[in-house]
Amino acid sequence: MSFPWAKHYEPKQPLMRWLDEKLPLPRLVYNAVGAGYPVPRNLNYFWNFGVLAGAALAIQIVTGIVLAMHYAANAGVAFGSVESIMRDVNAGWFLRYAHANGASMFLLVVYVHIGRGLYYGSYKAPREMVWLLGVVIFLLMMATAFMGYVLPWGQMSFWGAQVITGFFSAIPLVGEPIRVWLLGGFAPDNAALNRFFSLHYLLPFVIAGVIILHIWALHIPGSNNPTGVEVKGEQDTVPFHPYYTAKDGVGVGVFLLIFALLIFFSPNLLGHPDNYIEANPLSTPAHIVPEWYFLPFYAILKSFTANFILDAKLWGVLAMFGSILLLFFLPWLDTSPVRSANYRPKYRIFLGILLVDILVLGYVGGAEANARNVILGQIASAYYFAHFLIILPWVARSERPRPLPNSITEAVLAKHGGTSIAHSAAQA
Amino acid sequence: MPRIIASLVGAAFVFVLGLALFGTAKTAIQEPAAESAEHVFHLHPENIGLSSNGFFGKFDNQQLQRGFQVYKEVCAACHSLKYVAFRDLAKIGYSEPEVKAIANQWVIEQPSINPETGEAATRKNVASDHFPSPFANEVAARAANNNALPPDLSLMTKARHDGANYVHALITGYRNQPAELLKEFPGSKTPEGLHYNPYFANLNIAMPPPLTSDGQVTYSDGTKATKDQMARDVAAFLTWTAEPNLNARHAAGVAAALFLLIFCFLAWGAYQNVWRDVKH
């Protein structure tokens, strides 16, 4: 894998040479995220978000392991054990706020990371496998985040678990038995809380494993870049270290700064007050809403209010899962050979509409379900599906891409006022 | 072929959403949603500007002690504070002997057993005890309160939107039900045994007005105990019970933010330095 001009690991230090002979782990790291990985020289700041997602996962695992030392996964004491972490454990408030807000930061950077992939066509050949593994990671993250939110055993934890596991009961005939089997009871209780804790501890390590595959798959074709044009030669790339480690340092700094502002000054901004009320199966909250990162999908679920062949609830559940699963087919739905939306005038507009559309869905997901909001959600959901399943497969037919630069280096030099041979040469 | 299948699936979803939209619109036109009294007459609390707000915010211990006095003399008759221990009071400026005395003289005793016979008994509180509940259990609490359950107050300011402002607005917000409300919504008369309060979500709250007159408590620091002042003080106190580590959090936050600002600056410099010869 990698390009022929990639630097080779040559340890000078005797100890490192000895280690390299017995176990070439430093070599692996060198080739993965060191000077041995040549990367296009023109990446913009959107390419920081993969590293940021990795950092966020590391923070979640470290804070989570320490929290698990103090947390008790028992429906009778879970809420109280979280309060004792907040009050009596040394820096427990910091660990818990870092972990709760860390989940939000993780999802936030992953959404930007996915958006980057959509805009610059990073899902297209030869990087389909990178994209597929990414969607797997996203699904695992959603499951982990959901189960983590149940653990404090507050009102939103309990009722969120009730609603989400209720999706399974939409399956005809076998739905209800499956739901009861998954929960270990007729409603979320101790059995459910215990298995959620077990899985919440397990899945992050599964995510870490799939991330290794994700990076492995990425290193075969190498990173995409804002022009979407493949690397042609050595002049198009720079070694990952020190060039992108230095750039990622800036990204990590800004990420941590925003993260710190959340933890220390507004730790409950993204949470729901009801989760500071202990779970009570006899009292339903006025509005059951998921965490912000699930709101667009929740809006899609709620938009299906009509029975048509299937029950409205089943349509909603199918659509909600479908809205994520369709991402698996993206590499084959988009037939345009041009990767970067910078050179796709029509697709770029639809992608802009999709961004607004998802924000609207997010708003609707958290808002009161009055007629105006429901209709807004229905229109926005319709666009979501139309975008991926109807517009995306056909837009390339009537689109005339802008001329691509011949190479990354040419694009870089043109940007810096060099000769713009791009225009005449790449007219398709 | 995959494109055609995808388009058919997409069209199915869009079609069903179209049906749903039609149904929603039809219902909205035929039976427009009626306005409710809760929607029209609910008020949002005004800001009481606590000293703990903002990046450099810190608790005012003097105020927290006054708020604790209000809790002790007014709220504690019905509301528990189960996540807070007497020893925690040391953090708001009480000395160790004072904490011990407060625990020892607390009217409600800790449930315990008689060491000789093993029968249920009570004992005096010690500093390590959490505040005891005024009621033995939920049934007792409901029986004494017209079937309403007085909630635990430890986390109240985090368990409601706009926490401290809400607490202040709620306990000073009792009033007679406005005549316009009854004119507009004749069915919404406050039921017997409940109390009209526009800051409460459904406008009718079971809790009777806790602060009935100025001077209900006598502050030892000379602050005039108006109803508004007592409400502010107890709101501040409950902000502390919900977030006792706020001072440490803000102090650590300022240090962390400064550190990270310097880090960002240095990282930016390193980035510029590394890339100085490479156009990108």
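Each residue, glycine too, has its Cβ placed from N, Cα and C.
Listed features, source TrEMBL:
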type     : residues                            : note
DOMAIN   : B:62-171                            : domain 'Cytochrome c'
BINDING  : B:Cys75, B:Cys78, B:His79, B:Met207 : heme c binding site
TRANSMEM : B:251-271                           : transmembrane segment
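For the binding-site residues B:Cys75, B:Cys78, B:Met207, the ranking by surrounding Cβ atoms (within 10 Å, all protein chains) places B:Cys75 first.
Taken through DSSP, the domain 'Cytochrome c' (B:62-171) splits into 48 helix, 10 strand, 52 coil. Residues B:Cys75, B:Cys78, B:His79, B:Met207 make up the record's heme c site, and a Cβ search at 8 Å around their centroid adds B:Val74, B:Ala76, B:Ala77, B:Pro150, B:Leu153, B:Pro210 from the same chain. According to DSSP, B:Met207 (heme c binding site) sits in a coil region rather than a helix or strand. Overall, the recorded heme c-binding residues B:Cys75, B:Cys78, B:His79, B:Met207 cover a maximum inter-Cα distance of 11 Å.
Just so you know, the Cβ of B:His79 (heme c binding site) picks up 23 other Cβ atoms within 10 Å once every protein chain is counted.
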